[in-house]
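Inspection log for the structure reproduced underneath, given as structure tokens.
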Amino acid sequence: MGPPGNDSDFLLTPNGSHTPDHDITQERDEAWVVGMAILMSVIVLAIVFGNVLVITAIAKFERLQTVTNYFITSLACADLVMGLAVVPFGASHILMKMWNFGNFWCEFWTSIDVLCVTASIETLCVIAVDRYIAITSPFKYQSLLTKNKARMVILMVWIVSGLTSFLPIQMHWYRATHEKAITCYRNETCCDFFTNQAYAIASSIVSFYVPLVVMVFVYSRVFQVAKRQLQKIDKSEGRFHSQNLSQVEQDGRSGHGLRRSSKFCLKEHKALKTLGIIMGTFTLCWLPFFIVNIVHVIQENLIPKEVYILLNWLGYVNSAFNPLIYCRSPDFRIAFQELLCLRRSSAKAYGNGYSSNSNGKSDYMGEASECQLRQEKESELLCEDPPGMESFANCQGTVPSLSLDSQGRNCSTNDSPL
């Protein structure tokens, strides 16, 4: 990146006037800058708006305040910081073709960039472990991962991410020793991230590849267990249905005691698919950059600078995708509609299970409080085999009963907010 005003940047006629070719080139450059500025502004707005919406929804609606969604909040915070403190300065760097914020902010900005990516991948890794425990050890899950423990885990994720991002950069452990890099470090208008080979490889492994391998391994195990559960549900659904019909005849009350284990299981597996899409999207967006990041320090001239920047921005765009993916969840869709005032009436909002409480928060009410109380009273664990068999492969979690209140309304609720 040459300094502005270099004579090679334009053509002059003998009398000092611009040639038509130069005018055309200048117009194209201006159009490119305007187009890129609009595109980058849209990306920043999408990242900030979407993740503020996610954080607000989880904070306001008690129905969404689950342990898993605490981790989702951490992920949204990382994306929000990316949209506020990283992407705008990266856009300025590209559009202005120089760095205008000094050496200190250059290194600090780079540290925040690494922090957000590291915190995101480590949070996704924690979510994978969270789902693995939930689906393989449902009896122990609530004691192993309480909300307070989830907060501690999130704090540890950010501390570790901060140490692995800020410490090497602020201590200048990352710096290369060749002449081009040293010139850039001394130039306040240059913020190209020249790194030595050891730092590039070590930081990529610690901040990305190790958490990625753990995440993929754990989540593949989660889907294997989930697949076995679906197969067992398919085989046993008829037995559950016939047992519950007999109970209805004995009780003499239509609909009371009818269990919907398959419905619950499908909701749980849809939640797993949503989380899988989030992890897959993150991997697809960031993996190419981290591959190029290592190749670049081994063979600098092999990867064009434009490709490096493009793949870096592909990673940035990932921060705008997650709020769109969350819309797969009915609970998040309802919460977003409530926050954006897109619901036609308050009656419809109540019918979908959200209302405001005395503290100004909103919670999921089901059809009415009577339904909620009845559901809490009648929910239980349904086991396919006698106790002592393998954990959740035999028991289908806490399955709400499909019961009716005094007015004949359905009292079932969705136990999978995501």
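Cβ coordinates are placed from backbone N, Cα and C, and glycine is handled just like the others.
What Swiss-Prot lists as disulfide bond is CYS106-CYS191, CYS184-CYS190. According to Swiss-Prot, the feature S-palmitoyl cysteine maps to CYS265, CYS341, an assignment based on similarity to another entry. Residues annotated as phosphotyrosine in Swiss-Prot, with similarity to another entry given as evidence: TYR141. The annotation region 'Disordered' is assigned in Swiss-Prot to 1-23. The topological domain 'Extracellular' feature in Swiss-Prot is assigned to 1-34, 96-106, 175-196, 299-305; the stated evidence is similarity to another entry. As annotated by Swiss-Prot, topological domain 'Cytoplasmic' applies to 59-71, 130-150, 221-274, 330-418.
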For CYS184 (disulfide bond), the number of other Cβ atoms found within 10 Å of its own Cβ: 20
Candidate recorded positions CYS106, CYS184, CYS341, pick with smallest Cα gap to TYR141 (phosphotyrosine): CYS341
Integer Cα-Cα distance in angstrom, CYS106 (disulfide bond) to CYS184 (disulfide bond): 11
Per-state residue totals over the topological domain 'Extracellular' (175-196) - DSSP helix, strand, coil: 8 helix, 0 strand, 14 coil
CYS341 (S-palmitoyl cysteine), number of other Cβ atoms within 10 Å: 7
Other CB atoms, at most 10 A from the CB of TYR141 (phosphotyrosine): 18
Where CYS341 (S-palmitoyl cysteine) falls in three-state DSSP terms: coil
Confidence summary for the topological domain 'Extracellular' (175-196), mean pLDDT rounded: 94
Disulfide-bonded residues compared (CYS106, CYS190, CYS191) - the one with the fewest other Cβ atoms within 10 Å: CYS190
Cα-Cα distance linking CYS341 (S-palmitoyl cysteine) and CYS190 (disulfide bond), given in Å to the nearest integer: 45
Secondary structure tally of the topological domain 'Extracellular' (96-106) (DSSP, helix then strand then coil): 6 helix, 0 strand, 5 coil
Distal contacts, the topological domain 'Extracellular' (299-305) - CB-CB under 8 A, six or more residues away: 292
